[in-house]
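Database features, via TrEMBL:
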DOMAIN    137-166  domain '4Fe-4S ferredoxin-type'
DOMAIN    167-196  domain '4Fe-4S ferredoxin-type'
DOMAIN    320-349  domain '4Fe-4S ferredoxin-type'
DOMAIN    350-379  domain '4Fe-4S ferredoxin-type'
Amino acid sequence: MPKVGVVLCRCNSIIDSKLDFNHLSEKMANEKNVHSVIQVDMACSPQGKKAIEELAAIEDVDRLVVAACSPLAKGAVFEGYAREFNLPGQHIEIVNLREQCAWVHDGGDAVEKALILLKMGLKRVIKAKDVGQWQVNHAYINKIKCDKCKRCIEECPNKAIQLGDDGYPAVAPKVCQRCGVCVGGCPLGVISLPDFRLEEISAMMAPVASAKSPAIVGFFCDYTYGEADLMGQIGSGYSPNLYIIKVPCTGAVNMIMVNDAIAEGIDGIIVAGCDSSQCQLRKGNELARYRIANAQKGLEEQFLERERLSYVALGEGLVEPSIINHQKCAGCGLCRQVCPYGAIKMVEDGKFEVNGKACRGCGTCVSSCRSGAIDLPYCTDEKIITAMKILLAS
């Protein structure tokens, strides 16, 4: 029986100023498999690390749910803890209470959502299996259940899966990029990544189904998950009914996960990924759109609304692209050279302009511009200088 320890990080009072940690502690302590709940000021600090280490050792818990900031911010830190505490990498789950609750919601909505997110994290870590993440770092195919359909071979964007001598698909460990496209495409659901298994994701659906209606699950790829975090940082909220699950790529979303969500009674599913010109994995989003279109037809055949499942190219609407001031632009072209997304092109007068659909708002062009001709709308030089003056004055 798994023994789970829950860690609530105050994040230097940023999180617990919005969320009632005592209420959350009391509720989580009553959940099945939860052995202990602790509160720490900064989970990423030496003091926080010591408290978590004591929880793992003295309380003898074998799995951890760490409720703190985004896994994109401190995920590597907490995974490092797992190594040091001799816990399998899959046995520590990070719940994003800062960006997904404290920064985007207020009052009862924030607390209710925080509790649901904690329960989702708990369900996932209970289902987690030790598959040796620190030794095995690629997709795994369960040959016992595989029917040799070869779809994974056809769809892998990196050509990392080939037909083995035994007639089963075989993964080339050094070629596999862990994008999860094979996971999403397998009709039998027999392919997994070390930190992304269908059983774990499906287990997270039950808590969402118990949330206030309409309850929406969002499968966000690595890049759009970061954009959702950005919305919290710039103070732009979104519906508290949206519960975000990070996936490696939208191509990793298997329709088995969608069917499980519908079966649990969840009202809607959003798959949020890149626009066709932005996908870093070349065709992950194309496959996701194709699979979703087929799944929508299946919903209609069951007399359910096709709108309950949709693909959203988050970069099209939520990222504010950088802006080039043509009066300041010297036409050197350095911005075009450094842009990792090919979003900047030359126009007729020798100046440059930004393709709003391709821009990810990363700011690389802003920092490289020697003329100071490029700004991000939410992070202009003027805003930064004003913030620095306020900080220095205080």
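Heads up, residue numbers simply count up from 1 along the chain you see.
Every residue gets a Cβ built from N, Cα and C, even glycine.
Automatic, uncurated: that is what TrEMBL annotation is.
Proximity of distant same-chain residues to the domain '4Fe-4S ferredoxin-type' (320-349), defined by a Cβ-Cβ separation under 8 Å and at least 6 residues beyond the stretch ends, is recorded for 278, 355-356, 358-366, 368-378. Summed and averaged per residue, pLDDT over the domain '4Fe-4S ferredoxin-type' (167-196) gives 94. Helix first, then strand, then coil: DSSP counts for the domain '4Fe-4S ferredoxin-type' (350-379) stand at 5 helix, 7 strand, 18 coil. DSSP places the residues of the domain '4Fe-4S ferredoxin-type' (137-166) in helix, strand and coil in these numbers: 5 helix, 5 strand, 20 coil. Across the domain '4Fe-4S ferredoxin-type' (167-196), DSSP helix (H, G, I), strand (E, B) and coil residues number 5 helix, 7 strand, 18 coil.
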